[in-house]
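**Q** One structure, pasted below without further comment.
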Amino acid sequence: MDIYNIESFEKDFTINLVYYCHKKLLAPLFRVSFSSPVTSDDLCLSVPDCLARVRRYIVTKMGEDWIFLVLLGLTMALVSWSMDYASARSLQAYKWIHGELKGNVALQYLAWVTYPMILVMFASLFCHLVSPQAIGSGIPELKTILRGVVLKEYLTLKAFTAKVIGLTAGLGSGMPVGKEGPFVHIASICAAVLSRFMSIFSGVYENPYGYTDILTVGCAVGVGCCFGTPLGGVLFSIEVTSTYFAVRNYWRGYFAATFSAFIFRVLSVWMKDSVTITALFKTNFRMDFPFDLQELPAFAIIGISCGFLGAFFVYLNRQVVLFMRRPTALTRFLTKHRLIYPGAVTLIIATLTFPPGFGQFMAGELMPRECINSLFDNFTWTKISGSPDPPGLGRSSAWLHPQVSVFVILILFFIMKFWMSAVSTTMPIPSGAFMPVFILGAAFGRLVGEIMATLFPNGILFDGIVYRILPGGYAVIGAAAMTGAVTHTVSTAVICFELTGQISHILPMMVAVILANMVAQGLQPSLYDSIIQVKKLPYLPELALGKYNIFVEDIMVRKVKFLSSQSTFRELNNLLETTSLKTIPLVDSKESMILLGSIERTELQAVLDWWLSPERRAFERDQDQGSPGSQVSWESFTFVDEERGEQSAHKVQKTSSTNHSFSFYSNFTVETMPHPLTDGMSPEEIKAWEEAELEKPVDMEQIRIDPSPFQLVERTSLHKTHTLFSLLGLSHAYVTSIGKLVGVVALKELQKAIEGSTRSGVRLRPPLASFRDASRKAKKHQPPSSTPSSPTRDRDLWEEGMRREEELVIRESNKDIRGVPGGDTAPPSPSSTGSTSLERRADGTTQDLESPSTSSPLTASPPTSPVSPILTLSSLQEDIESEESDEPI
């Protein structure tokens, strides 16, 4: 009996404990309530509800922004550390092979040359086979994508795989290629792929405008975890990729970049690569008196010289690329045999850096990171040369040669690495230019520092104390100035602060970087803009002050390809075959040219393919033969709004576009089909049937329409247009006049206008634009097409367009009125019901009293599917006409 009482007590205690936990802890969270006392049956009934609420809660939390940022930072930190680990082990194997063959110079040379050739050629071949979009830096393409241009296959998993493997092989070969540019591309791909995965939990990531924010954060993470520099990484990514930056992305970039850089450095500590979390290239400059004011002129000289050298580097890189693209016999041969060019470049560079050969006069045995660590050290090499090496010199001894001066070695190193870096970045492998240019700047700054140490052997006297010159500080300043000149950024100074772990030279470094930027920006574009120009990617150059008096009407393309509500499938087919436009404008009619919206090319192509599809042809043939159960209508192939999750039985075709996605579904099932879909028509009959179907009008009721494409008016200034295109990332904009489509402006037209040249069909505003109105008054008998509008002229044009539209609607209504009861009556007059009348107000303006489209449609539309509420042509016309009736013209 006692045992029974104990078991009953334990059971009651357990139930009440569970009840208390549910009521006090879980009930507020999952909104479940329990009655007291609680029985085991109540708990069992509440478990499924709790589990469902837990699942919904987790899904909701997983879709939050910080989860995405943490996953992005963690992923990129793992990728960055893995790439550094693999490339470091590859370089160790490279040096080990060279050391093991020390007794045989021939074998040493063979191994020194063959090892990087194999890796570089493998990287080139792998990228060519997997994803050619992975070749190069990636920042120019991302800069173009962030400006609103769609580049195919640049943000895919194939490009990610090719970029990671190819870049790891390139870094492990010891060639002068960088990691920063390709890693920005890798991080952006990871952000794009991760956003598609996160869209499962939250629909925010499907927003096209949020897509740009995601790529911006990816760029910041790419630079931040590449060197472990989150502050400079975020600023550098903003300067390089964005013309205008949304402040809302500021904390996202810093959060993800800081988390990624932290994990990246922690992994290095865990793998015993470093003792603790420190700077990547730690320096030990004195903090009490790092430099004297008398050294500022030398720092300024470094900045100005790096500006000229950076501009020349960009010029040399562009000339090499242009030479390789010229249609000569050599370039055609190299294009046909893709591995010869990277193999030849690697062979030449490896031969010149062979340590027992010419490489001994330019520190050829040092790998890129070893070069940076040695150039930043605190020793003064001119004082060490010719004497025994002091303790702690380490890898810096490679810069000392018994027969050659330190200055000769530094000059040879700078000259040889200069053209090697410019040529290496043109190889068809994933490669960046930041780190090679960084090393060049460090070598140039070190050269100036050694010269200053020679000129002032005893140092600088200040307040009775002699302070020695630090050549390593000059190297840091030179590295920041050279990279700033090549990339046209100032944030390289912040990156150098984080890389070295010291800010003792902050003032001279900022002076040098600003001077380098001033000189370089006046001579050449940045390296990334130069690549954009060479690849002929759409871009917007900076707008000069003297270009503000140009208007959109002077540069727009007036021969616009468009569709109207009366267009036939033949016109649609001709338009798709003769143009490559991604979006096509839709107007009310060819006479009125009222812009109703725009349609994606993919949707129009899908509609045309379905209209001429064998399935529809078979249904049509069965219907003509009177077969039971075979009916074809717009309900048979309906457009389903996938965002609302509505699906049908069998999917026929699915087409996705940039902004929308839709599918064609068939309502026919296997049970209702009396026989398989076979038309049995001969090729001649098929061709005749297609010709007949092409003459039928396109039903715009069943096509998704973007009702608000970006529009400009004729008198929009070039300055405002350039600002809008840059700020919103537009690729094109339609030009309207009182709602009428009169032209279109794309990135190419803006680019040509800013550069001062135009192509055929685009008329640029003359330089003496101030005399424009006077010349027009003198030529009233031949007014140009870009004559500015006046209120009276606009009103007359509008009334004329409305009259034409009224006559057209009356003609169309006469055709359709036969099927309506009472359709044999006479057509209504313009003053009768159902027509458009213009009421003259006291101020001379007109008002649209009643729209004809609301009472009689333009064409007899087929029955629409009740499955999805699709934006149709009638709704657009009603909206437009309601706005016209509310506001006077």
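Quick reminder: no glycine exception, Cβ is built from N, Cα and C everywhere.
TrEMBL labels come from automatic prediction, so no person has curated them.
Predicted, not measured: the structure shown is a model, and the values here were computed from it.
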**Q** Any idea which of 19-38, 339-358, 459-478, 539-558 is down as transmembrane segment in TrEMBL?
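**A** So the range that TrEMBL calls transmembrane segment is 339-358.
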**Q** Any chance you could find the range in 66-86, 183-202, 214-238, 339-358, 399-420 with the most Cβ pairs under 8 Å to the transmembrane segment (296-318)?
**A** 399-420
**Q** Answer yes if the transmembrane segment (183-202) and the transmembrane segment (106-130) have at least three CB pairs under 8 Å among residue pairs 6 or more apart in sequence, and no otherwise.
**A** no
**Q** Need a quick answer: max count of Cβ pairs under 8 Å to the transmembrane segment (66-86), which of 106-130, 214-238, 339-358, 399-420 is it?
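**A** Between the candidates 106-130, 214-238, 339-358, 399-420, the best contact partner of the transmembrane segment (66-86) is 214-238.
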**Q** What parts of the chain pack near the transmembrane segment (250-271), using Cβ distances under 8 Å and only residues at least 6 beyond its ends?
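**A** Contacts with the transmembrane segment (250-271): 65-66, 69-70, 72-74, 76-78, 80-81, 85, 213, 216-217, 220-221, 223-225, 228-231, 233-234, 237-238, 277-278.
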